[in-house]
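Straight from TrEMBL, the features:
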type	residues	note
DOMAIN	12-171	domain 'Glycerol-3-phosphate dehydrogenase NAD-dependent N-terminal'
BINDING	G16, A17, G18, A19, W20, G21, A152, R267	NAD(+) binding site
BINDING	W20, R39, Y56, K119, A152, R267, V291, E293	NADPH binding site
BINDING	K119, G148, S150, K203, D256, S266, R267, N268	sn-glycerol 3-phosphate binding site
BINDING	K119, R267, N268	substrate binding site
DOMAIN	192-331	domain 'Glycerol-3-phosphate dehydrogenase NAD-dependent C-terminal'
ACT_SITE	K203	active site, proton acceptor
Amino acid sequence: MHNSNNSPARRVTILGAGAWGTAVAIALAARHEVLLWARNPAMAEATAAARENTEYLPGFPLPEGMQVSADLDAAIAHVSGPGAGDAPLLIAACPVAGLRPLLQQLKGRAIPNVVWLCKGFEGGTGLLPHEVKREVLGDAVAGAALSGPSFAQEVARGLPCALTVASESAELRERVVSVVHGGNIRVYSCDDMVGVEVGGAVKNVLAIATGVADGLGLGLNARAALITRGLAEITRLGVALGASAATFMGLTGMGDLILTCTGDLSRNRRVGLGLAQGKPLETIVSELGHVAEGVPCARAVRELAGKLGVDMPITNAVAGVLFDGDTPLQTLAALLARDPRGEYC
Ligand SMILES: NC(=O)c1ccc[n+]([C@@H]2O[C@H](COP(=O)([O-])OP(=O)(O)OC[C@H]3O[C@@H](n4cnc5c(N)ncnc54)[C@H](O)[C@@H]3O)[C@@H](O)[C@H]2O)c1
Ligand SMILES: O=P(O)(O)OC[C@H](O)CO
């Protein structure tokens, strides 16, 4: 079997059957042999029977041939050992909070690699996903982050999208490109893991900010200012952590920031819109029924930036609204009342 780019079909296991894991599985199943693993056996069974993930991605039938399972041994066997063929991929599609427990389940098993899709800093430790992977699995297993502007529903519909893979391993970067690039998905590669992960994490906090601003009717000028100044503070944090400033001009920086701040499919933006309506955070999150990574990330980034002495006024403002009871209007007034400063510093 060959896919539409005339490259051979590969085996891919996706661990995590939320909206994004399911969408990536649907997109890749057109060209590859895909197994989607859900940790909840009842949910896996229902999804396999309905040929649709009615809980996390309703309305998108699973392609024929795509497997769904809650059996972790079978999910790993799909991409390990001689039967797995050339260039198999193991993809972790859980939220950041689930990455450590998921990787702990993989420890000591023969896995070919691990590619994560999550965007955020780990709560409590403030670590980026690649640092979590290093702590749990060490450097012997090659790891990669696949990120960029990508709403699950659009990818599941087969609409065009461009992503970036970051890895210290050139071989794994090439493998991810060779497997995922194709059809309507373009995959670029880079070796700035920190830059790619910081951009993907902090854009979610900025999406909450723009949701609040739009919900309050502050206008398009305010939205553009938040996105642009948000990019400045994301870049400051990333550079302080060792990233290259240029990475933040790319898909995983500016690209994902624009998408998430302006697209109503964004769960993080919807958190901001809800806050502007005066809804309690708990209500907004429970109505979403999905993860909104910007919420825990705002806390983690506020702590980290404080330790590093990086100025992140918008992130701090979002954290104040989320966790300290600040009102959006008070916060806006405080942001505007700050002393003027040079734009490029
Ligand atoms: N939805 C998107 O459009 C999209 C796009 C790109 C990246 N992402 C990122 O992908 C990650 C997952 O997002 P999502 O949209 O799938 O979230 P979701 O809320 O739709 O689903 C989360 C899924 O993760 C599972 N999960 C939680 N902890 C787990 C664990 N320890 N082990 C295995 N599974 C676990 C849940 O059971 C659920 O199936 C997030 O970091 C998100 O930022 C999402
Ligand atoms: O729905 P959100 O806000 O989690 O954003 C989804 C993706 O990260 C967009 O690239």
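The backbone N, Cα and C atoms fix where each Cβ goes, glycine too.
Broken down with DSSP, the domain 'Glycerol-3-phosphate dehydrogenase NAD-dependent C-terminal' (192-331) shows 109 helix, 0 strand, 31 coil. Sequence-distant contacts of R267 (NAD(+) binding site), defined as residues of its own chain at least six apart whose C-beta falls under 8 angstroms from its C-beta, comprise L288, H290, V291, A292. Of all residue pairs in the sn-glycerol 3-phosphate-binding list (K119, G148, S150, K203, D256, S266, R267, N268), the one with the greatest Cα separation is 16 Å apart.
Report note: the substrate site is defined by K119, R267, N268, and the residues of the same chain whose CB lies within 8 Å of the CB centroid of those residues, excluding them, are N204, A207, T260, S266, V291, A292, E293, G294. Largest Cα-to-Cα span within the NADPH-binding set W20, R39, Y56, K119, A152, R267, V291, E293: 22 Å. Of all Cβ atoms in the protein chains displayed, 20 besides its own lie within 10 Å of the Cβ of G18 (NAD(+) binding site).
If you take the Cα of E293 (NADPH binding site) and the Cα of N268 (sn-glycerol 3-phosphate binding site), they are about 7 angstrom apart, rounded to a whole number. For the binding-site residues D256, E293, the ranking by surrounding Cβ atoms (within 10 Å, all protein chains) places D256 first. Within its own chain, G148 (sn-glycerol 3-phosphate binding site) has C161, A162, L163, T164, G200, L251, T252, G255, D256 as residues 6 or more apart in sequence whose C-beta sits under 8 angstroms from its own. Proximity to ligand 2 at the level of Cβ atoms, with a cut-off under 6 angstroms, picks out D256 from the binding-site residues G18, W20, R39, A152, D256, V291. Screening the binding-site residues A17, A19, K119, G148, K203, N268 for a C-beta under 6 A from any atom of ligand 1 leaves A17, A19, K119.
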